[in-house]
Each structure stands twice: as structure tokens, then as C-alpha cells.
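Undergrad: Before we start, here is the structure in question, set down as C-alpha cells.
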Amino acid sequence: MNFAEADDSKRYCIRGKHVAVICAVVVGVGLIVGLAVGLTRSCDPAENASTPTPPTASPPEDQGACPASDDASGGWRNFRLPDSVSPVHYDLEVKPLLEEDTYTGTVSISINLSAPTRHLWLHLRETKVSRLPVLTRPSGAPVRVRRCFEYRPQEYVVVEAEEELPANGGQGPFYRLSLAFAGQLNGSLVGFYRTTYVENGQTKSIAATDHEPTDARKSFPCFDEPNKKATYTISIVHPKDYKALSNMPVEKEESVDDKWNRTIFQKSVPMSTYLVCFAVHQFHPIKRTSKRGIPLTVYVQPEQKHTGEYAANITQIVFDYYEEYFAMDYALPKLDKIAIPDFGTGAMENWGLITYRETNLLYDPQQSASSNKQRVAAVVAHELVHQWFGNTVTMDWWEDLWLNEGFASFFEFLGVNHAEGDWQMRDQMLLEDVLPVQEDDSLMSSHPIVVTVSNPAEITSAFDGISYSKIFLILLMIEDWITPKNFQKGCQIYLERYKFKNAKTSDFWAALEEASNLPVEEVMDTWTKQMGYPVLDVNDMKNIKQKRFLLDPKANSSLPHSELGYTWNIPVKWSEDNESHITFYNRSETGEISLKPSTSGGNVFLKINPDHIGFYRVNYEASTWDLIITNLSSNHKGFSSADRASFIDDAFALARAQLLNYKVALNLTKYLKMEKDFLPWQRVISAVTYIISMFEDDKELYPMIEEYFQGQVKPVADVLAWDDTGDHLTKLLRASVLGFACKMGDKEALGNASQLFQQWLSGTVSIPVNLRLLVYRYGMQSSGNESSWNYTLDQYQKTPLAQEKEKLLYALASIKNVTILSRYLDLLKDSNLIKSQDVFTVIRYISYNSYGKSMAWNWIQLNWEYLVNRFTLNDRTLGRIVTIAEPFNTELQLWQMESFFKKYPEAGAGEKPREQALETVKNNIEWLKQNRKSISEWFLELPRSG
């Protein structure tokens, strides 16, 4: 999901060895290529169109058959492709030259024209057309091509015919456009690229693709929009000691010569370009079979084959569950998964060949933590959902991205819950995904779920928490309202109706309405077509009024303009004596609505939004908050763990927005000495982290914050201790609370972490897997020096397990030594040491270190041009790295940010993150002015220990 700027000249530089290789080849074959073009025109055009020409060598940079042009006289000046041109089928052949870091290929596309035209244009970026395209009519007769050129502002290659091409009716036969092309396998983690790994001390290569959302055009010329579905016949020419994978099963493998084989794959079903995938590898297969007999295979490095077993097992369980739930068979004859050693995103749902970052597919029972296991299960389930939602039925355009990602997030928890029933995945996803995104969605710089996008940077920017996590809770709210049975039926109607087609948001609402006979679209438009969400003010325990929730109390709640006026149709869920009810709150009701409890009088307590089932916050009147605080202190188990987490999250968010006194929110934490459940503790840690970050440099207040939370966490920390025992949730809880104790400066916890760290350094102990991250972090923080840092770096280089590498990267970032941190930052430029996928992770880890917070931000500013050249402005992770500045809270820091953004005004995929970072820092500055006094008073009023 990374992008490259079409007009970035540095991005088009070819490494020296490539120039030498390619120029030598061009000199040697130039005459042959010219002759080949001539012969192609003189031979039978129908035969030529149906059989792609063998791949040829790439021309030198800035040369080729289709040079760049600024001609904007035609429809190619538009961002969107014309509706009148539709690809029907691609014959695609690619040949990677792994040692040269280049590849060549040919593509022959069957095209339907519903309107006459002289010009055909399709997407292409960075990859070059190596000879004049060949075009034939539906009859097979050749069409003379007058010229072709690249129009880089919209990432097109334009083919102009000598005469107008009439429409061909749509039933076939079709026009055929054939292009030869060549590109680079190096330089980025998008398109078709090569990366390396070490096996038995030997460096080996793997080449694979990553195309979502707009990077198929980097691999081969194509009509790169999601609604331009077509079938594909793909063949890969590869070295004999390698194997090839693609979306479909192998049709046949044949020998080309003594060095090369050609693997030809079966013809695919209709699919979008971003789902096309191929890989050339030497990996080991781990095989399973579904109930229906579908082969399910996980490919891993031979030395790591044991780490793929868990993913293979859970794939089998969840795959069968989804086929049953969706009442639709998986559409392809096989499903493969492969772990790519350097991968820009978490995973990619390519149809029939899912690609993963190693941390999200590989799990070692002896070396990986429970959180790693959960992550593998969640990502595997997420990508499996896409085989139906996204692949079988695809959103018509990226503005409806949530139809892909929101469903994957929703059914992810159902799939994992089916496989691992004791993990409380619904509540965990609420904590880890939904509640954090409520913070983002309470900014003025947020955006609606259905969002207009008009360039590749805006498309990649849409892959954020709104599209993934907000919609998860929206769908959970719908399911609860219309009933799970009707929701499932609606999903089945939707999938069957739009199978192998594209759909829009309204299409899904219509399917749910058909299943439930409820006005789903009228309700859900208020949640998807405007940003933000409401807070429900509750008075007299039964009267409710909604308003927009914003973190900035001074913000104009009517901006930016919304046709819906920032009011919502809300199925308000509430519970009384463990019985649940739903009262519908229509946005047209401008005043209060009243709930109708069965019990009257002062003893009634109605829990609004039980288990946080709805995407809104609840603010009770002061007397009710006091009642909640009293009940938590006397019998916290009287509320569910999800409710306890929800109370805490709502209270701290409301206080941050100045809708609730911070003393109320902090009073809610007094019961924590009795809390022994994972969900509330995880939410407490997240909620108070904001306060911690704001006062980290406050020498008067911060020690009081540390002392208080040391006392609150100590009872549960003492019970759990440092033995890595218990069930899954207990292990997650132990890691969280011991880490929080260390963060709050608890001497005993830090001493234990430091002792284990020193034992690890001496080689006398292997740290328990679920304690490793916190021991690495706080051991390095407490007692790390240059010697221990170098040892940790050495262990990072030696371990083959990606999850362990990730923990060690965090350890390296935790040392309290600016000289070593500066060295660490400089090592980010060594891609042989730190993979491209991990660069921004390391920067973020360093920013979490109080010594490194400013260093990381300064390094980004000093190295911005380097980062842009390496990753491009359209890289989503580069765009978001500016959010490390969000904890800033001074006018000087704000000025530095504004100056930096002014110096580099082109933000690419970082435009929205820049807006959010600036808004957050401005809010922080104001927050300190408004809240320091009351928070300080609360801590000063606490009884002092000793």
C-alpha cells in the first residue's frame, strides 16, 4: 500500500550496475527488438494477440517506446478511467532477473469498447513500455498505432490509433492490446519487488508483489481501478531452482532452456487488479485441507517450517467456519499463504495467494508470546474474510473501502472467537481497535467512513482506523439492532447478489433491509456520511439528549458542514437488572428522549450502552457518576469487565473534552487495587497514558502520578508475580500490569526486570516469552549501557524469528543514552541491517523513550528528503510518522511542526496525519492550561504514604 510519486526524478534513478547491465543488453539486442516489432506487424495479428511475446530487456531510463509527455488534450487528464473502456481478460507473463534486480514481461489485454475512441489509456508507473504497443481489432486485423506516451500526472500510458476504433458491442470478440514492459525489482516494497533472507548462512532471494491500492500499475500496464474486473492467465518464467506461485493453481510447468522454467497458471475468475499476485520462491509448504477438499497451504522458509503450523491449523478452522456462515463456497480451487521477509503492510488479501509480514503469520510456541499468537490468529482471520468481502464482492470505488476493511475487521473477531473461544476477542477488539479510534474521530480533522478520494495519496490515506475499526463497532451495533440472524442473512444476500461484481454502500444496506424489514439505510447514513459521533447526556437516569463529541471544547461543532447536521439515528441500548432493551433515538427529535425503565424511584440504575455496543459515549449526571464510583469500590464485579473498561474510557475522554471534572475520572481508578481482569486494566493503562505523557516533564506533579499508580497496580502485580503461567488472558494481563508498574517507576518491578535482563546478557537464563518485551525494554532502560546495547543488537542479527527481532528493536530504542540513540537512528539507513518494513517502527519506538522523543522528531526533519526519496510521499507509514509529535504540548514545539510542514508543503499520504497532529498538539497546549490545576489538586488531596 505504498506509493511512488510519478514526477520524482530521484525515484526513477537506476543503480549503477543496472545501467551497465541494461545498456549492454540494449546495445546487443536493439536491432533484434526493432526487427521483432516489424515482424510482429507483418505476421498474423490474431495469433500474435493471443500469445504474449516473450519478455524483453528494459530500455535505459527515460527512453522507451512511450516517452513522457505533457499532452493533456484528452480524457487521460482525468483521474478516473472512462466507463466506456473495460478490460475483459489479461494474458500476463513476467520474468524476474533476480541477480540484476530487474524484470521483463508482456501483457495482452482483451478490451471491450462501448463507445468509439482513437485513444486507449491505462495505468503505468515507473515500469517502462519497451516497444511500441500492438493493437488488433475484434476481427484480428491489425490497427496501426500512431504513437504512445506516458502521462505521468495521472500515471497513464496512452496509446493513440491512426483511426477511430468503433464500439464492439460488448459480447466479443474484443480488441487486443499487447505491451512489452520492463521494471526494477529494487527500491520499494510495492509492485513487484525482491527481498532477501538467510538460510544456513547463505543469502537467498524471494520476489513477490504487493498491489493494494494502486500499485499493480507499477508491476505491469493495467486498468488499475477496482471496478475494472477481468480474468487473468498468468505465467512466470523463473530459474529452475525456484518455484512460482500466483492466484490460481498451476496449469503446467515447462522448461524454457537449461536455466529457466515457465509456470503457467489456470485462468482466474474475474478480479480486480489490486488482487493480482505472483511470487518466485524457494520456500517450504505446510499443507492442510478444508472440509470441502480445498488445499490450504502455508509457505515459509525451510528453517522456519515449525513456525507455520499454528497459522495452517487456524486457517483450516476459520476457513470452514466462514464457508458455513456466509453460505457460499470459497470461489477458487486453492488458497496459499506466504510470509515475505520484508513486507510493507501487515498482510495483503490477494485472492488465492495471501501475503504476510512474518510477524503476522509465523508463531513459535517456544519463542513467541501469547500476544504474538493472538496477532497471528487475528490477521489470518482478517485476510480470510477478504476472500469473500473484498475479493468475491469488491467495493466499486475506494470511497467505499469500508465494504472491504470494515467487514474484515468485524468477522475477524467472529473467526478467532470460533477458533479460540476463551480469548474474549470481541471485548479485546473493542479495547485495542475501537476505543482508540474514538479519539481520532473526535478531532475536527477526522473524516467520514464514506470519503471522497481523488488521487493515489488520498486513497492510501483512507486505510486508517476509521475504515477498519470504527466500522467494526458500527456493524456490531447494527447486528445487535436487527438481530444476529437477520444480519447473517443480509450478508448472505449481499454476497450472492454481487458475486464476482462490485458494490456500493447502499447495496449492502438494501440487503440488510431485505433481511430485517428495518430502515437500515436511513439509520446508517448518519454514521457513514458524516464524521464523528455523539455523546449522550443522561439526566434523571432516563432522559437522554445527543450532541456531537469533540475533544476540543472550543471547536465549532457544526464544522465542517454536514447535511446531516451532526445528529445521528441511534439504536440506544440500555440494561436494567441484567435485562437489555433498545430504544430508537431519531435524529429528528431535537429534544430529549426518555427511556422507560420497569422500576421507578431512586434505586434504579440504567447502564446506557452496555459492553460499549454502540459507537457513542455516555455522560451521566454527577450523582450517577458518584453511584458508579461507589459501586465499583464495593462490588466491581457487579459490572461486566467490558462495562468497567467502558466507564473508564468514557470518563477520561469526557474529562479531556471538559465535559466532566477530572476528579470524577480519577476517582474511578480508586477501585483498581481490586481489579484483576485484563480488559479494564488495559483500558486504564491506555486512558491514563495521555495524562502521563502530558506531565512527564513536570517535576512537581509527575512523581505524585507515579506514586499513586504504583500503589494501584501493586496488588495485582504481586498476585501475578513474574512466573509465566496461567491461561491466555492471564498472560496478557501479567505483561500489561508489570509493564505498567515499570513505567510508573516501581522499584521492585524495575529491579526484577533489570535482574532478568542481566541474566539474559550473561547467557544464564532464557527470559519467559510473555515477559520478554517488558524485560528487554525496562532492563535496557534501567541498566543498559553500550556493552548491553551491542549484545542486544547482535542478538537481533542472529535470531531468525521476526517476532523476537521486533522485541529486540524495541529494547534497542529504550536505552537512556543519546549518543547510542543517535547511532541507532543512523543505522536506519542500512537496509541490510534494519529492513525497510521496520524503519518507521524503530523511529516510533525511539519516540516513546523520554530521551528519544525530541531526537526522533529532529531526525525526521533532518532526513525528510532521504525518507521521501526512499519511501515516496505516497507511502502510508511515512505519512503517518509525523504523528510521533502528537504528545508535544508547548508553543515552541507547535511552531517547529508548523515550520517543518511549511518547508515541505507536499504531504502526499501524510496530509490528514499532519492535520491531526497539529490539531492534537494545539489541544494539548490548551488542555494543560485548563486541567493542570484540578489534576494537581486531586493528587495533592490523596493521603500520602509514609
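Quick reminder: no glycine exception, Cβ is built from N, Cα and C everywhere.
Sequence annotations record features per position, and here TrEMBL assigns active site, proton acceptor to Glu383. The substrate binding site annotation in TrEMBL covers Glu212, Gly346, Ala347, Met348, Glu349, Asn350, Arg876. What TrEMBL records for His382, His386, Glu405 is Zn(2+) binding site. TrEMBL lists 87-275 with the feature domain 'Aminopeptidase N-like N-terminal'. The region 'Disordered' annotation in TrEMBL covers 45-72. For Tyr468, the entry in TrEMBL reads site 'Transition state stabilizer'. Sequence annotations record features per position, and here TrEMBL assigns transmembrane segment to 19-39.
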Undergrad: Measuring Cα to Cα, how far is Glu212 (substrate binding site) from Glu405 (Zn(2+) binding site) in Å?
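TA: Pair distance, Cα basis, whole Å: 12 Å.
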Undergrad: Whose Cβ lies within 8 Å of the mean position of the Cβ atoms of His382, His386, Glu405, the Zn(2+) site, other than those residues?
TA: Glu349, Glu383, Val385, Phe389, Gly390, Asn404, Phe407, Ala408, Ser409, Glu412, Tyr468
Undergrad: Through the lens of DSSP with three states only, how would you label Ala347 (substrate binding site)?
TA: strand
Undergrad: Near the Cβ of Met348 (substrate binding site), how many other Cβ atoms are there if near means within 10 Å?
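TA: Other Cβ atoms found within 10 Å: 24.
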Undergrad: Kindly assign Glu405 (Zn(2+) binding site) to one of the three DSSP-derived states: helix, strand or coil.
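TA: In the DSSP reduction, Glu405 (Zn(2+) binding site) maps to helix.
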Undergrad: For Glu212 (substrate binding site), what is the tally of other C-beta atoms lying within 10 angstroms of its C-beta?
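TA: That number is 23.
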Undergrad: Between the recorded positions Glu383, His386, Tyr468, which lies closest to Met348 (substrate binding site), Cα to Cα?
TA: Glu383
Undergrad: Do any residues at least six apart in sequence from Asn350 (substrate binding site), in the same chain, have a Cβ closer than 8 Å to its Cβ, and if so which, in order?
TA: Thr209, His211, Asn247, Leu275, Val276, Cys277
Undergrad: Between the binding-site residues His386, Glu405, Arg876, which lies closest to Tyr468 (site 'Transition state stabilizer'), Cα to Cα?
TA: Glu405
Undergrad: Would you identify the secondary structure of Glu212 (substrate binding site) according to DSSP, in three states?
TA: coil
Undergrad: Over all shown protein chains, what is the count of other CB atoms within 10 A of the CB belonging to Glu349 (substrate binding site)?
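TA: Result for Glu349 (substrate binding site): 24 neighbouring Cβ atoms inside 10 Å.
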Undergrad: Long-range neighbours only, meaning 6 or more apart in sequence with Cβ under 8 Å: which ones does His386 (Zn(2+) binding site) have?
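TA: In sequence order, the residues whose Cβ lies under 8 Å from that of His386 (Zn(2+) binding site) (at least 6 apart) are Glu349, Asn404, Ala408.
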Undergrad: Within its own chain, what residues at least 6 apart in sequence put their Cβ under 8 Å from the Cβ of Glu383 (active site, proton acceptor), listed in sequence order?
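TA: In sequence order, Lys337, Ala347, Met348, Glu349, Ile354, Tyr356, Ala408 meet the Cβ cut-off.
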Undergrad: How big is the Cα-to-Cα gap, in Å, between Glu405 (Zn(2+) binding site) and Gly346 (substrate binding site)?
TA: 13
